[in-house]
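In what follows, a single structure is set out as structure tokens and then discussed.
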Amino acid sequence: MSDKLTIAGREFASRLIVGTGKYRSFQEMQRCHEASGADMVTVAVRRVNLTDRTKESLIDYIDRSKIFILPNTAGCYTADDAVRTAMLGREVGLSNWVKLEVIGDEKTLFPDNAGLLEATRILVKEGFAVLPYTNDDIVNARRLIEAGAAAVMPLAAPIGSGLGIQNPTNLRIFREMITEVPVIVDAGVGTASDAAIAMELGADGVLMNTAIAAAEDAVKMARAMKLGVECGRLAFESGRMAKKLYASASSPLTGVVGA
């Protein structure tokens, strides 16, 4: 893509961010990363072998000269746990960036807004670039930005559900009201058309994992997601035609017999 995604002063050529979980093998994960064109992938700190680096690890299958690793705090249910996990990721050399997750409900995996805000404030003070996974509440997003978040990542639907964009109105509001930091749709994308819709609504980027990893042909789906994000971005930049209630002829009447 010609335009770049900029977060915390760093530029990324791709507006697609992909994950590292649920793949059938590390080799498949690696092929999907290549097919997606993503230059940022998110890694759960809890999944990285931090004690014995001689054993095979998913990190071994990520080309860090081409791909930026975004650690995440998946599985954390309190602000304290999320902060400790982020700190651990930095200490072992992953990154001083973090996709911050503080989960508030085990069944829906919806975020705990209060805990998320608390952890954001702490980690920003500790020098992290914080990208919080949040709901599609503009008020809460504003609070996260005021706390120093480098981006906001509203969900499109529950994590891993594949339901697609469930509240396009709120995402459109995000686009209109948030200009200070990127808006990255996170969670709920199921197929390439969902990614395209998110981008058409004005999202700066899309993050996904299960939609690719759980596809019957994961590599092919990774390629589809790449094209979906690019397609949606181009459509957003193009400015779609206005919707009309009635028909409007696309061909001129000049030269029509009897006109």
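Placed from the backbone N, Cα and C atoms, the Cβ positions cover glycine too.
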Per Swiss-Prot, ALA187, GLY188, ASN209, THR210 bind 1-deoxy-D-xylulose 5-phosphate; matching candidate in GLY160, GLY228, GLY232: GLY160
Listed binding-site residues (GLY160, GLY188), ranked by Cβ neighbours within 10 Å, top entry: GLY188
THR210 (1-deoxy-D-xylulose 5-phosphate binding site) - helix vs strand vs coil (DSSP): helix
DSSP three-state assignment for LYS99 (active site, schiff-base intermediate with DXP): strand
Residue pair LYS99 (active site, schiff-base intermediate with DXP), ALA187 (1-deoxy-D-xylulose 5-phosphate binding site) - Cα distance, angstrom, rounded: 12
Residues satisfying Cβ distance under 8 Å from ASN209 (1-deoxy-D-xylulose 5-phosphate binding site), sequence separation of at least 6: VAL18, GLY19, THR20, GLY21, LYS22, THR42, GLY160
Which of LYS99, ALA187, THR210, all recorded positions, has a Cβ with the fewest other Cβ atoms inside 10 Å: THR210
